Amino acid sequence: MAHELSAGSVFAGYRIERMLGAGGMGTVYLARNPDLPRSEALKVLAAELSRDLDFRARFVREADVAAGLDHPNIVAVHQRGQFEGRLWIAMQFVDGGNAEDALRAATMTTARAVYVIGEVAKALDYAHQQGVIHRDIKPANFLLSRAAGGDERVLLSDFGIARALGDTGLTSTGSVLATLAYAAPEVLAGQGFDGRADLYSLGCALFRLLTGEAPFAAGAGAAVAVVAGHLHQPPPTVSDRVPGLSAAMDAVIATAMAKDPMRRFTSAGEFAHAAAAALYGGATDGWVPPSPAPHVISQGAVPGSPWWQHPVGSVTALATPPGHGWPPGLPPLPRRPRRYRRGVAAVAAVMVVAAAAVTAVTMTSHQPRTATPPSAAALSPTSSSTTPPQPPIVTRSRLPGLLPPLDDVKNFVGIQNLVAHEPMLQPQTPNGSINPAECWPAVGGGVPSAYDLGTVIGFYGLTIDEPPTGTAPNQVGQLIVAFRDAATAQRHLADLASIWRRCGGRTVTLFRSEWRRPVELSTSVPEVVDGITTMVLTAQGPVLRVREDHAIAAKNNVLVDVDIMTPDTSRGQQAVIGITNYILAKIPG
């Protein structure tokens with residue numbers, strides 16, 4: 001295809017209506033779906049990209065991942081393919097412009113900017129919870145609908161293509177410079193990264209929407225200047241650029257753009273809430289930059305009603321969540337596995353220039369600057385010089401970040417086709433019955449009777465398993481419960497350990513209505529090693545044949561409960577201890 005498509009021409013069955021835009025990655029057209037009565041956004045990728053065999057393979061895989069994302073703030077992917085040697089992808093058509101267009105048209109007010117970031121944050125929290133990193137967060141990818149009434153709709157676009165580009169290092173000079181303006185330091189430095197890189201980029205995007213400038217402006221030697229800014233300069237302030245914005249907004253952006261990913265917000269939603277509070281003067285009592293957290297997947301709810309009435313992240317309802325622990329029930333259809341890709345994303349073909357910039361900046365910086373912005377430092381907690389500081393209480397919003405990423409769980413258990421289900425956000429009454437009745441907590445966590453709910457301030461459970469095969473699946477259950485203080489967590493651990501001792505070294509009987517007969521479970525005598533209590537449960541009957549390794553521990557105000565079902569006995573024992581220790585290591589204290 002030597003020239004761009006004209007109106008009325010047909011490409012891969014799609015009838016072209018008009019061009020919507022063009023860039024280094026390709027051209028986007030409004031095109032009529034060949035089978036359905038609707039128009040879609042058809043992106044035809046540049047010939048340079050389409051010719052690259054590695055990119056083609058990655059494009060197909062990442063487009064499939066993007067097609068599995070289903071969220072009102074994410075542009076839906078309908079189809080992808082190749083035609084006449086060109087790769088293409090058909091997406092939901094959003095009738096409107098994007099946030100970059102609105103900024104240039106001088107219609108991006110401060111209130112609108114904070115609203116747009118809040119809507120994008122919903123999309124990011126959902127994607128991160130599925131194990132998907134966007135990698136190219138910038139205002140041009142924030143599509144704005146022309147709503148007839150009510151709130152403006154915001155959709156995040158270009159998931160799959162950005163990921164595929166990042167893995168191959170193919171793009172154009174213009175695309176590279178646009179991406180550099182929002183790139184996280186760990187990405188530019190060639191380090192491993194996760195969803196928190198998206199949060200840094202979202203902080204850069206908010207700065208741009210509020211001020212009309214990129215955080216680190218490019219002049220002569222554009223790539224060098226921008227990379228140097230991201231790596232070594234403190235986050236810029238908005239209060240001295242935009243009348244009416246306070247130091248509180250400076251602190252919010254400073255946290256989002258922290259050089260150390262562990263000092264950023266624990267979720268995009270937490271960032272958006274803090275930005276709205278800074279703009280409107282909402283309640284921010286007690287808010288400080290977040291403690292280190294290894295993995296960003298979700299957000300906490302605004303305080304108000306009881307914690308169990310507030311879902312975490314983008315989840316709004318969990319009528320029948322998959323239960324944490326043994327025995328496995330009939331889980332909903334699993335999602336496709338999402339993978340955090342931890343390899344270095346080469347920023348582009350001209351990243352040779354950017355790499356040189358990193359080298360030049362590093363070599364000329366005899367002492368890297370680590371100054372903390374005054375506004376952020378003012379919000380940091382202080383401690384007495386004579387009294388050792390107490391570890392901070394772990395709050396509800398930080399619980400998801402304590403769990404290992406999906407890829408790490410796969411490595412722990414040695415199984416790669418695991419998928420994560422929707423999280424469990426409150427204790428769940430088990431399906432079925434057990435004899436003796438008090439032994440439910442030994443079989444699996446999350447049973448309401450195991451906790452004094454009046455002392456619980458946060459609850460987060462995640463079940464990860466294989467797609468259904470008709471046999472007992474390999475399954476990992478992770479549950480973390482935050483209590484009002486450390487003493488309460490230790491009391492709950494002691495109570496659970498007592499139940500385990502009473503239920504260990506015997507046979508307990510499970511029954512569920514869908515089973516033909518009860519299941520006999522043999523339980524081992526609990527063992528305690530390095531503060532972790534473990535128990536093994538096995539079923540060898542005709543209804544179910546499975547082994548479960550179960551572990552509980554507590555640190556600070558958090559109770560940790562992990563169980564693993566796998567036929568590989570040695571792997572299960574190692575994995576349940578490994579995952580428990582991983583979580584404990586991330587809890588302050």
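Just so you know, glycine gets a Cβ as well, placed from its N, Cα and C.
Computed from a predicted structure; not experimentally measured.
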Inset, instruction - For the set THR173, THR266, THR463, THR507, say which residue Swiss-Prot annotates with phosphothreonine. - result: THR173
Legend entry - Candidate annotated as phosphothreonine in Swiss-Prot, where the set is THR168, THR316, THR488, THR523: THR168
Inset, instruction - Report which of THR171, THR237, THR395 appears in Swiss-Prot with the annotation phosphothreonine. - result: THR171
Inset, instruction - Could you tell me which three-state DSSP class ASP136 (active site, proton acceptor) falls into? - result: coil
Inset, instruction - Determine the most Cβ-crowded residue among the binding-site residues LEU20, VAL28, using a 10 Å radius around each Cβ and all protein chains in the structure. - result: VAL28
Legend entry - Position of peak Cβ density within 10 Å, selected from the recorded positions ALA22, ASP136: ASP136
Inset, instruction - Round to the nearest Å and give the CA-to-CA distance linking ALA22 (ATP binding site) with ASP136 (active site, proton acceptor). - result: 17
